[in-house]
Amino acid sequence: MDITSICGLALRNPTHIISAEVKGRKICVQNYKAYLMGIFIILSMACCLSSAQASLENDDIPSLIMMSFWNDWIGENILPSIRDGEASNGSQCFQELEKIFTEGGKKRNIIVDATGKPSSGILEGNIAWLGDYRQCIDTTDLHYCLISAPIQVQSVSDRVSGSLSFGTCVPEVCTEKDIFIAIQNIESILFQNVTKTPAIHCSKKLNPSNDSGFICTMVFLSLLCALCLCATVYESYLDHCGSSDEESTPILRQQTFESSCNGRHHSERTVVDYGDLSAWRRCILCFSLNRSVNQITNTTSGKDEIQCLHGMRVISMFWIILGHSFSFQQNSGALADISWLYRVPAKWFTSQVIYNGYVALDTFFFLGGLLVAYTGFKYMSKSVGRVNWLVSIVHRYLRITPAMAVVILLYTFVYPYLGEGPFWYKRIEDTQDCYQWWWTNFLYINNFVPSSTSSGCLSWSWYLATDMQLFLLAIILTVLLWWFPAIGIATLTLLSIASIMIRAVIFSLRDYAATQIINTVAGQASGLMFIFSVKPYACATGYLVGFAMGYFLHTLKNKTVPRLHTIAVLLGWMTAFAIGMSIVYGLYGVFNHPGLEIVPPDKATNVVYGCLKSLAWTLALSWVVFSCHHGYGGVINRFLSWSLWIPLSRLTFCAYLLHPAVIYLYTGTISMSYNGPIIHQSFLFAGFVTISYSAAFILSSLIEVPISSLQKMFLKR
């Protein structure tokens, strides 16, 4: 049989069932001709090149390569199926498409070339066939549509589902409804094995000039930048002239220390106080960029400051960015090998750091509780137990909310115009949720309303709501411990036990696995995250341990603490290290076993690990804080207390707000499928950290620090 006969047979009678066994992983494709497209194209190429025709010019080769396949396969299979369902409706989309394919020419070749086709790696889960997004949208009268069809991927687990992403380039007159109707007519050819109805998203050209929200946001940002610039110039003028038009005496510039504590960090910042200026002029100077930058970059530490917390905070933020970098890419739809992120743990012991990175959030809650207690009791001591807690709540609200409000503005009205690509529609849909749910963020109830954080505004900001709710609880505990120590200690203990028991009950009754990655494989990730993990009663354990540690450190202040024996210190460090390693690497056996299936541990292991990991992790952190603060930390304390951590620590809050948007900007603008080797992930992680902290520096300089200075003026905090 010659090559022409083979070509014709392949085009007209594709195999109905493909079965392949690769290293124990099996994938079956029944009645799925789309999986054979790539082979057909190669065979068509061979047919064309083997024909006895005259010499070809370069411009003719693409046409000949694609003509054979598309004339036979689309002309004889796809178009007749669409025509049978659409002819009576007079679809303009189908008429235009049939006209293009009948007449031929460059536009037809662009449609064929820019439309997605199966590529190698299908057995490994490569079902992202995106085509050429840029080539399509850069062609007049054409636009790009992405067809997403959920499908079972058996290369990892029977319970892991991926989404077949099929990019199509069609005439601009074609709507999502046209493509959906066409799919219904050809689904017996292309979309067998799908688990849900395919979703279609066509690219849309966004015009910011018609968006009033975008215009108002840019006007606000322009005014804010102008205010900061004017304040900077005015401060420079005062520095050089040394006098004021209204004041007859020279301006007294005093170096003072501003104490900052909002649950995220506690530090003493050197600021300049223009004491002789009028109030409105001092308000303007709060927005000076010189002042803001100096406060951020100042590495001076206060005498009562727990210096090791800076390093712990920054490292935890890096850890969160690392985990989100992997998880967001996993859900992006562009990974050529969707099983790769699940198979990494079976190969590398160190990858457990990524998949157990959720303990970094426990670190944040621990630090939040510790600082609230440590500084709260400090203020209680100064005021003899008479603290205006309402002012404290207002202070905290005003410290956090303005920066978050600006991020919501940017994310809702500006972010949609920053990118484009096959998957950018996901980001636009996310921003649309802010129109409906923004108010939940300002009330700090967005971990309860809406019921699913995926449909809320800034879904990752659930942490701020949970932290605020636990802060209100901490105020009650602070009052009890100050006035009624026995009752306060009993309440703190009972709340900690209750939090652990709630976790145990939920892990037991709902059959949740001990870690998020296992729940993802089991298809229960959304349930664990949205129903349980974001609630204060689930996160209270780490927060309460931190609160207890802050109270303990306060009781040791101004007291002579007996020095611990070297053996006791060594045992403390060994125990803390063993506990931390067991939490991060304890479930390595779930991944490292024969075969590539990720088998969840038994229920007893899930319950014990799930309900005790936060307690164990934060107890280990408590030893680290105690030993570093009291001189037992050695090289670890010198590392965590490194002065260069301090500026990065002050940017942590803004970095947390911004880093998901940075990662989503990358995953949403990817226009072709890609693999995720570790070196690629390393460069991405470094880029995400750099960009996130750079953006955080700008946000903090323009909003967070100026608002903090204003509060110092009016709330005397």
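Cβ atoms are placed via backbone N, Cα and C, with glycine included.
Annotations in TrEMBL come from automatic prediction, not curation.
TrEMBL assigns the feature transmembrane segment to residues 397-418, out of the candidate ranges 397-418, 463-484. Among the residue ranges 219-238, 639-658, the one that TrEMBL annotates as transmembrane segment is 639-658.
When the stretches 397-418, 489-509, 529-552, 607-627 are ranked by Cβ pairs under 8 Å to the transmembrane segment (564-587), first place goes to 607-627. 607-627 is the stretch from 397-418, 607-627, 678-707 with the greatest number of Cβ pairs below 8 Å to the transmembrane segment (489-509). Residues 224-225, 228, 286-287, 289, 291-293, 295-296, 318, 321-322, 325-326, 329, 344, 398-399, 402-403, 406-407, 648, 650-655, 657-659, 662-663, 666 of the same chain, all 6+ positions outside the transmembrane segment (678-707), place their C-beta atoms under 8 angstroms from a C-beta of that stretch.
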